[in-house]
Structure formats: C-alpha cells, structure tokens
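Asker: According to Swiss-Prot, the protein carries these features:
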- 1-210: region 'Transmembrane domain (TMD)' (REGION)
- 13-33: transmembrane segment (TRANSMEM)
- 39-59: transmembrane segment (TRANSMEM)
- 81-101: transmembrane segment (TRANSMEM)
- 117-137: transmembrane segment (TRANSMEM)
- 211-318: region 'C-terminal domain (CTD)' (REGION)
- ASP249, HIS285: Fe cation 1 binding site (BINDING)
- HIS264: Fe cation 2 binding site (BINDING)
- GLU289: Fe cation 3 binding site (BINDING)
Amino acid sequence: MRKSGCAVCSRSIGWVGLAVSTVLMVMKAFVGLIGGSQAMLADAMYSLKDMLNALMVIIGTTISSKPLDAEHPYGHGKVEFILSMVVSVVFIVLTGYLLVHAVQILLDESLHRTPHLIVLWAALVSIGVNVGMYFYSRCVAIETNSPLIKTMAKHHHGDATASGAVALGIIGAHYLNMPWIDPAVALWETIDLLLLGKVVFMDAYRGLMDHTAGEAVQNRIVEAAERVPGVRGVIHLRARYVGQDIWADMIIGVDPENTVEQAHEICEAVQAAVCGKIRRIESLHVSAEAREIGDTTKPSFSDQPLSFDEVMLSKVDN
C-alpha cells in the first residue's frame with residue numbers, strides 16, 4: 001500500500017463503519033418516530049444497510065485474507081462477492097415491502113403530517129457523517145480493491161444523498177405547506193434502495209462469474225511487459241479477478257535464437273515489471289514462444305480461468 005496508515009485503515013474500516021452506522025440507525029429511527037417523518041424512518045434503512053454491510057466487511061476481509069491452501073488454490077477472495085450478494089438480496093426484499101408501504105401512505109391524504117423540525121437537524125447530522133465516511137471508505141477501497149469496501153463507500157454516498165432529500169422534504173413541508181413531500185421522499189428513498197441493491201447484486205454476480213480484469217487493466221499489463229528488453233510483444237494474455245486480486249497468465253514473444261535459460265530470465269523480468277507496475281496482482285505466470293522480428297500481431301485476450309496445475313505453478317514461479 002502507498003501509505004503506512006493504509007494498512008491500519010483497511011483493518012479498522014469495518015469496525016468504524018459498524019459503530020457509525022449503528023449510531024445513525026438508532027438516531028434516525030428514534031427521530032423518525034417522535035418527529036413523525038416517514039422519510040426519516042426510510043432513511044434509517046440506509047443506515048441499517050450500512051451496518052449490515054460493515055459486518056460483511058469485517059467477516060469478509062477476515063476470511064478473504066487467509067492464505068491459499070490445497071482445498072482453495074484460488075484463495076478465499078470470492079467470499080466477499082458472496083456476502084455482497086446476500087446483503088443485496090436482503091435489502092431488495094425489505095425495500096420492496098417499504099415501497100408498498102410508502103405508496104399507501106402517499107395515496108392516503110389523512111396520513112399526511114408535517115414532521116417536527118428535529119428531523120431536519122438529524123438529517124443534517126447524517127449528511128455530514130456520511131460524507132466523511134464516504135471519503136474514508138472510498139480511500140480504503142482504492143487501496144485494497146475490495147468489492148465489499150467499494151460497496152460500503154457506495155452505501156455511505158447513497159445514505160448522504162437520502163438524508164439530503166429528507167432535509168429538503170422537511171423544509172418543503174414546513175415552509176411551503178406541502179406535508180405530502182415527506183411520504184414522497186420516503187417513496188423515492190425506497191426506489192433508490194432497490195436500484196442500489198440491484199447494482200450491488202450485479203457487481204457480486206459478475207465477481208462470482210470470474211469476470212475479466214477489463215481491457216484497461218489488460219492494456220496496462222501488456223504495456224508493462226513490452227517495455228522489458230528482449231520481449232517481442234505479448235502473444236496472449238488471460239486475466240481475471242478473484243475477489244480483490246488479479247490472477248493472470250501470459251505468453252510473450254522472444255528471439256528464436258534465445259536459449260531456454262535466456263527466455264526464462266526474460267519471463268522473470270516481465271513478472272517483476274508487471275507486478276511492480278500494477279497493484280493487486282496475486283498471481284502472474286509468464287511463458288515464452290519464439291517470435292520473428294516484424295511480427296506485429298496484436299495480443300489475444302481471454303478470461304478463461306486457470307487450471308489447478310497452472311495456479312500452483314504460477315504461485316511457485318512468483
């Protein structure tokens with residue numbers, strides 16, 4: 001990691017998020033009940049979601065950081081995607097229920113009430129805290145490339161946005177004499193929660209399906225490899241995410257006149273260059289094939305998973 005404090009933050013982010021989200025959830029639920037705000041009660045669901053996600057971060061990062069073993073040659077990184085999917089499914093179900101409830105209140109004018117101004121102050125506190133937590137968790141997510149911590153950052157961003165909507169709704173209800181705004185904001189929040197749950201679910205689904213590391217990452221790998229002296233281009237590259245880490249293998253072109261030992265030295269130099277250039281590469285296996293000067297064939301990309309033998313070989317090579 002780039003800074004010495006990053007390791008400390010990555011270990012504490014889950015506990016900090018859990019404590020903050022628990023306090024916010026209790027505050028929002030209490031204020032929503034005594035202040036008569038449906039929007040604030042729905043906003044409490046954002047903090048409950050954040051709280052559960054923080055628990056998933058604590059559990060997931062603990063398990064995913066375990067070393068490789070014979071039964072798990074790819075490591076334990078996918079547990080983060082599994083837990084992200086569980087959280088998303090739970091909230092899609094819960095917010096579906098809240099959506100129906102919000103529609104019922106919005107359509108029944110007898111249930112429209114102007115919330116107490118204490119709700120406005122609670123919303124402002126929530127905005128400030130969640131903006132701070134968003135930047136904190138986003139920084140950790142960038143350093144660790146953890147899907148769970150990325151999800152945490154998204155959740156805090158959504159929570160801050162929702163609290164902002166609650167604040168605007170309270171202002172509208174009080175100063176524009178529009179008490180229906182509060183249940184309308186509650187309806188918007190539930191729809192937003194559903195959409196957020198869908199995004200998290202699809203991200204977790206792609207992770208479980210061994211999605212490719214992406215063209216941008218693959219191009220950076222190729223660029224780093226082709227800068228190594230003796231490399232005559234990258235012939236084939238296969239890279240994918242396993243949890244927060246990248247597993248890849250590549251075939252490079254070398255001079256047909258090179259000895260086996262010389263080709264092996266070039267492969268080792270490529271490994272060092274690529275791993276030094278691109279963070280989060282857990283495994284990189286490099287092999288060489290003869291390639292004549294002037295062959296400008298572009299590298300082929302593949303997202304097919306490595307075999308068990310290839311995985312164990314690449315770990316030995318690294």
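Each residue, glycine too, has its Cβ placed from N, Cα and C.
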Asker: Taking only the Cα atoms, work out how far HIS285 (Fe cation 1 binding site) lies from HIS264 (Fe cation 2 binding site), in Å, as a whole number.
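Answerer: Given the Cα positions, HIS285 (Fe cation 1 binding site) is 11 Å from HIS264 (Fe cation 2 binding site).
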Asker: Between 0 and 100, where does the mean pLDDT of the region 'C-terminal domain (CTD)' (211-318) sit?
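Answerer: Mean model confidence (pLDDT) across the region 'C-terminal domain (CTD)' (211-318) is 79.
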Asker: At a C-beta cut-off of under 8 Å, are there same-chain residues at least 6 beyond the transmembrane segment (117-137) that contact it? List them, or none.
Answerer: 9, 13, 16-17, 20, 24, 27-28, 31-32, 34-35, 37, 39-40, 43, 47, 149, 152-153, 156-157, 159-160, 163-164, 166-167, 170-171, 174
Asker: Which Cβ among the binding-site residues (ASP249, GLU289) has the fewest C-beta neighbours inside 10 Å?
Answerer: GLU289
Asker: What's the CA to CA span in angstrom from ASP249 (Fe cation 1 binding site) over to GLU289 (Fe cation 3 binding site)?
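Answerer: Between the alpha carbons of ASP249 (Fe cation 1 binding site) and GLU289 (Fe cation 3 binding site) there are 14 Å.
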Asker: Could you tally the C-beta atoms, other than its own, that fall within 10 angstroms of the C-beta of HIS285 (Fe cation 1 binding site)?
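Answerer: Its Cβ has 21 other Cβ atoms within 10 Å.
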Asker: Between the residue listed as 'Fe cation 2 binding site' and GLU289 (Fe cation 3 binding site), what C-alpha distance do you get in Å?
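Answerer: That separation, Cα to Cα, works out to 11 Å.
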Asker: Around HIS264 (Fe cation 2 binding site), how many other C-beta atoms are within 10 angstroms of its C-beta?
Answerer: 16
